[in-house]
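Features reported for this protein in TrEMBL:
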- 19-44: transmembrane segment (TRANSMEM)
- 72-91: transmembrane segment (TRANSMEM)
- 103-125: transmembrane segment (TRANSMEM)
- 113-209: domain 'Fatty acid hydroxylase' (DOMAIN)
- 162-187: transmembrane segment (TRANSMEM)
- 207-225: transmembrane segment (TRANSMEM)
Amino acid sequence: MASIFETAWTYLITHFSDFQLACLGSFFLHESVFFFSGLPFIYFERAGWLSKYKIQTKNNSPAAQEKCIMRLVLYHLCVNLPVMILSYPVFRSMGMKSSLPLPSWTVISTQLLFYFILEDFVFYWGHRILHTKWLYKHVHSVHHEYATPFGLTSEYAHPAEILFLGFATIVGPAITGPHLITLWLWMVLRVLETVEAHCGYHFPWSLSNFLPFYGGLVKTFFLLVA
């Protein structure tokens, strides 16, 4: 008997092409998870809710928050979406598929673990490079415009940085050629992780309180040996 996941997936692959699912579907999923997880923190800040968990006392003005949202929509449409479309042939050539059967949870979890480790390594060194004098001044300083971050600022960056560090996120899947459902799970987990890291709050239930390497294996290693 088909599982609910297989039934839902059968509907998707029956009604949409691989290109539509991999490009437009991935874009819609990213936008939905990103904004639905990030927008609440704007309202928390404006309403003063959960203020005892807020890391900084300073708040962003509504105008600054709205500027961030409008810029993000522009960048996502003009940078993220074209990258997803242009990278589709690469993922296909590396073996990405959307057909049944769905991969086992063992395969999915193994690949996700590999993606987290590789992405963390590439992102860490890429981030250090962005903090060199010239790149910080002309590129990375955009990401630091908001001294008091909120969830949506996690992806607020110069287009060059979006491309540069976006490579860290897609290099793992590009190597392994995963099933599309694995790629989608990776996208969801990565978005939720970075939104939480930039949300401006530290909750008792934050995963970083329970998983010592949640903030990044490489970063944690250098903090321990420093």
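Don't overthink the numbers, they just go from 1 along the chain as shown.
Backbone N, Cα and C define each Cβ position, glycine as well.
Whatever TrEMBL says is automated annotation, not expert-curated.
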Non-local residues, at least 6 beyond the ends, that sit with Cβ under 8 Å of the transmembrane segment (72-91): 19, 22-23, 26-27, 30-31, 152, 155-157, 159, 162-163, 166, 170, 173-174, 177, 183
Predicted model, mean pLDDT over the domain 'Fatty acid hydroxylase' (113-209): 92
Tertiary contacts of the transmembrane segment (162-187), as residues 6+ beyond its ends and Cβ separation under 8 Å: 5, 9, 18, 21-22, 25-26, 29-30, 33, 75, 79-80, 83, 87, 90-91, 94-98, 102-103, 107-108, 111-112, 114-115, 118-119, 122-123, 126-127, 130, 139, 155
For the domain 'Fatty acid hydroxylase' (113-209), residues assigned helix / strand / coil by DSSP: 72 helix, 2 strand, 23 coil
